[in-house]
Amino acid sequence: MPAVGGIGPGTGKEYPGNLTPYVLVTCIVAAMGGLIFGYDIGISGGVTTMTPFLQKFFPSVWRKKEADKTKNQYCQYDSQTLTMFTSSLYLAALLASLVASTVTRKLGRKLSMLFGGLLFFAGALINGFAKAVWMLIVGRMLLGFGVGFANQSVPLYLSEMAPYRYRGALNIGFQLSITVGILIANVLNYFFNKIDGGWGWRLSLGGAMVPALIITVGSLILPDTPNSMIERGQTEEAKAKLKRIRGVDDIDEEFRDLVAASDASKLVEHPWGNLLQRKYRPHLTMAILIPFFQQLTGINVIMFYAPVLFNTIGFKDDAALMSAVITGAVNVGATLVSIYGVDKWGRRFLFLEGGVQMLICQAVVAACIGARFGINGDPGDLPKWYAVVVVLFICIYVAGFAWSWGPLGWLVPSEIFPLEIRSAAQSINVSVNMLFTFAVAQVFLTMLCHLKFGLFLFFAFFVLIMSIFVYFFLPETKGIPIEEMNQVWKTHWYWSRFVEDLDYPNGGMEMSKGGQGPKNV
């Protein structure tokens, strides 16, 4: 069995620095960028179960839902137009993230966040006042452009601002705000659905203006990261900023490494083409496979369509929205566990534990739904204990995701890329994430109709594959300064064949001076 760890203790530099109140507040404000993504995930699934919304925009789905009450429950929401409403956002986010790479690199992380907030605000405004399906789709696409910019810049910003010892916990603030956004959206859906007159869905969709304003205002008051300032030639300002961020005067070594990394990155004329070089093979692999696997855990299916799913397995509209609130609360709580443990237990432990937990739960949920609904999708009267068991195991599944693949799917890619390819690689990470979010959202209801309870086994298969991948191919990145991350590849049993010492003269040579070379674990 090959060694599958990454790097021995004591390898690499230990930059001085504290977790200052300034950095803490800065990272909390920046992490609010996740609210817009989370609010949208939560709101869209809930709105699509609201009868007035379906009657106005998707009457064929509403008629089918009413007609099928005693028939096949698996297929009642199967509508490509309805799924296009949900998934058009992710296609737009994919396109925006490609543009956002250049904006983030040339103009800074802050400006990219500002664009994200403004575009999301415009989309929320159009959706809140929508009169026709085309207005909904246009609004969703603007929301998607906003999400693309925010998801590109916020994880990078957090990884660059945080002292390396606390980088995991602070970066997961982004995922925490996504989960808080989902929970707030679920709670609002529950109450807005009760409004007489059937216009509550307008408040749900228009309410996205609030998280958009938070990230817009936040981006105006946040400082830029020293990495970004050096990248744009503001060297002296960057040094002063680094002193303030770290809360110590002894920042010379870290500053020199940041400047060296920036100088190396300026030699790269084509960061996109550069990604294809052999020495970046591990980075490119992670930028593609981590977001790919994250979407094929099946989590967005649960979160987008939690109300639809619970409605399908026999809950009434109100109860379905309430069940979504419960899963949303579990999501937030489990993300707090990840914040506590990521820099203590390490990334690999959380990835593997979460994978096992999700695998078991998906098998149980598939068995529960299969036993009652069978192949024809007609469950008869569902006993209360049955509904409780399904919700319980879905909650345990959500918890497993929320302390593993949820936050780490954003954290690990944002911390492993060298500066010269960081923006381009993060764009690929976001683009792959959005592409598969779009694909899964677009085909989920059709897959539910055809695969029935087997859909959960389909996702369980991918959870097994991704856990094996992590075990063998993902090195541990806990406690390693972001500019020294190349060491984890050079000491890995497989990736070391792609990464030579000469590829990283700064990291490799300087780290050897202390007489402590890299070690396998």
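Note: Cβ is positioned from N, Cα and C throughout, glycine not excepted.
Looking just at the domain 'Major facilitator superfamily (MFS) profile' (26-478), the mean pLDDT is 84. Taken from TrEMBL, the feature domain 'Major facilitator superfamily (MFS) profile' covers 26-478.
Annotation comment: TrEMBL describes 19-39 (among others) as transmembrane segment.
Sequence-remote contacts of a segment are chain residues at least 6 beyond its ends whose Cβ falls under 8 Å from one of its Cβ atoms, and for the transmembrane segment (87-104) they are 40, 44, 111-112, 115-116, 119, 137, 140-149, 151-153, 156, 423-424, 426-427, 430-431, 434-435, 437-438, 441-442. Annotated transmembrane segment per TrEMBL: 87-104 (among others), in sequence order.
Long-range contacts of the transmembrane segment (111-130) within the same chain: residues 30, 33, 36, 57, 96, 100, 103-104, 136, 138-150, 152-154, 157, 202-203, 205-209, 211-220, 222, each at least 6 residues beyond the stretch ends and with a Cβ under 8 Å from a Cβ of the stretch. The feature transmembrane segment is assigned by TrEMBL to 111-130 (among others).
Annotation comment: TrEMBL describes 136-158 (among others) as transmembrane segment.
Positions annotated as transmembrane segment by TrEMBL: 170-191 (among others).
Per TrEMBL, transmembrane segment is recorded for 203-222 (among others). Residues 26, 29-30, 32-33, 35-36, 39-40, 43, 46-47, 50, 110-111, 113-114, 116-118, 120-121, 123-125, 127-130, 139, 143, 146, 150, 157, 181, 185, 188-189, 192, 195 of the same chain sit 6 or more residues outside the transmembrane segment (203-222) yet have a Cβ under 8 Å from a Cβ within it.
Look at TrEMBL and you will find 284-308 (among others) tagged as transmembrane segment.
Among the features that TrEMBL reports, transmembrane segment is placed at 320-342 (among others).
The transmembrane segment annotation in TrEMBL covers 349-373 (among others). Sequence-distant contacts of the transmembrane segment (349-373) (same chain, six or more residues past either end, CB-CB distance under 8 Å): 73-74, 297-298, 313, 338, 341-342, 379, 382, 386, 389-390, 393-394, 396-397, 399-401, 403-405, 408, 452-457, 459-460, 463-464, 466-467, 470-471, 474.
Beyond its flanks by at least six residues, the transmembrane segment (385-406) meets 175, 178-179, 293-294, 297, 299, 302-303, 306, 310, 313-315, 323, 326-327, 330-335, 337-338, 341, 350-358, 361-362, 364-365, 368-369, 372, 466 of its own chain at Cβ-Cβ distances under 8 Å. TrEMBL lists 385-406 (among others) with the feature transmembrane segment.
The feature transmembrane segment is assigned by TrEMBL to 427-447 (among others).
Residues or ranges marked as transmembrane segment by TrEMBL: 453-474 (among others).
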Winner by Cβ pairs under 8 Å against the transmembrane segment (320-342), considering only 19-39, 136-158, 170-191, 427-447, 453-474: 170-191
Two-stretch contact, the transmembrane segment (170-191) and the transmembrane segment (427-447), at least three Cβ pairs under 8 Å: no
Stretch in 19-39, 136-158, 427-447 most in contact with the transmembrane segment (453-474), if contact is a CB pair under 8 A: 427-447
